[in-house]
């Protein structure tokens, strides 16, 4: 148990960090070693043996992968470090997204034999979007094919990052024994089996030239960030270690540089210097820009991290716990929150009671009396709070920026086996969809089937497994189906008029709207613009018109799939002093949309996946031939040590069952990763097939 009072360190000594990477790069093992060396646990956990503290779900232990982002707290050199270990599998990217939204810094773990891999790119882009400062850890330096310098080069080429090596490895592969610290110019080698003991000593003679060359490169990069250091560097004066660290810290926090370290977490080497780097170079809550918020009057304000300020926090994750019910994970940005107090949910405009406050250690709970600015805490008692909601004081309500999540690309139908299962299933799928914003639940109006939509086959497999294990629901699972989308090719203008006169107050709504195609690769998939002038439609009805279009777009006119890539422009309309209402304008907008679709040329879109296959040379020909038969667009063929890497774009509909085919084509020696890339117009044959089913 942690002493709860010890948790409350000064904000400057707090680090909220995420551990992120491609699947199998060693994130969870790195986190397990961090917990061991900081004294948070006393036995070395193993992902392969299912004993990792941070992988606590049964499915995680069985599969040796991280599915949910797990949170924990540890201490290092008088600093408190809150860590979230995130999944590396693309199907669980939502866990990375919401973790990065509330963290101040991150450790990006790379497999030193592979460098930057597909999901490394995805999580890096997510971190870029939230401007999260990062340090890089080149893991698995003890593996055959490990190459520290190749891995750094891949960061430049694939991530367009500016990595700066602050260590170089001593030895490689089976001969990896330690690192050279380029800032202090000392060698560090590990002397005990569990990695808890190490010695600092002079740099080996055979490494001096390389160390001096790499230090020169490091100082040169730092000198670009600081004039005073540049002068000392040009005058060839001795550079103080603290000065170097200070400049590197500023450059890291400003996202100008990425410090790079190395080690072998599974062999217990390199973790203590990594912890030093977390403390030395990643930001505390007071080092990052104040979070932006909107007041009820629409004014944009900034909320600085202060314990004395008004309470403000973001619920970034909901979890159903079998013992305590619903847990809301909250990042506290300002003020203090006490157990038993009330909190205002400004997103839903309701007041809720904080029954308990808990600091989480994976699935273990430690009760707390209060939480302060900078904390990541789990709250019990918030019955109506969902992911992305703002929590604040009712006296000074604010609204933080909402969270956005990717659309699901694959669906399955599920049916309960018995009447008892049916009753339990309704509650279970509701609880799971509340936890996971990328899991969508729809009921087919014609068949009554429940359709689950998610990010990939593994995602939906885990969901159905959880239905059975955690909720005791037995279901029959249908074959996976592609989640198609629809869009428009042409611009079209149409009128929508809704008039009802049936005794008493009537209904009147009238709009003229233009609908234009938006680029499918752009940030926005829907845009609404009001171009009316002179009050032809009162302002209070405009949101209802936008809502009417959005609702109409949920079921496309071609095959009933949701529509994307549409700009709706309100041009004109009219209203009635007595009969007009929000409902009437909502209906009028949906009528205008349906009328415009007759001239906008709606088309069907299919999801396209970015596929990477790593395979021995002798199987490349057969695999490329198979991909071509699957309508793949081969992007590149690269070499990686003694393997080939095939990169391609393939329609999702062509990838069902691909793992089995690939195993057969490569005698089990190939591995593949697929992640959603974009939507593109489906060919006629696919359209015909889809329309037959509808």
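Along the chain as shown, residues are numbered 1 onward.
Even glycines carry a Cβ here, placed using N, Cα and C.
Under the heading domain 'tr-type G', Swiss-Prot lists 12-286.
Every protein chain shown contributes to the tally, and the Cβ of residue 141 (GTP binding site) ends up with 29 other Cβ atoms within 10 Å. Summarising the annotation, Swiss-Prot assigns GTP binding site to 21-28, 85-89, 139-142.
Look at residue 21 (GTP binding site): DSSP puts it in a strand. The Cβ of residue 24 (GTP binding site) has 19 neighbouring Cβ atoms from other residues within 10 Å, across all protein chains displayed.
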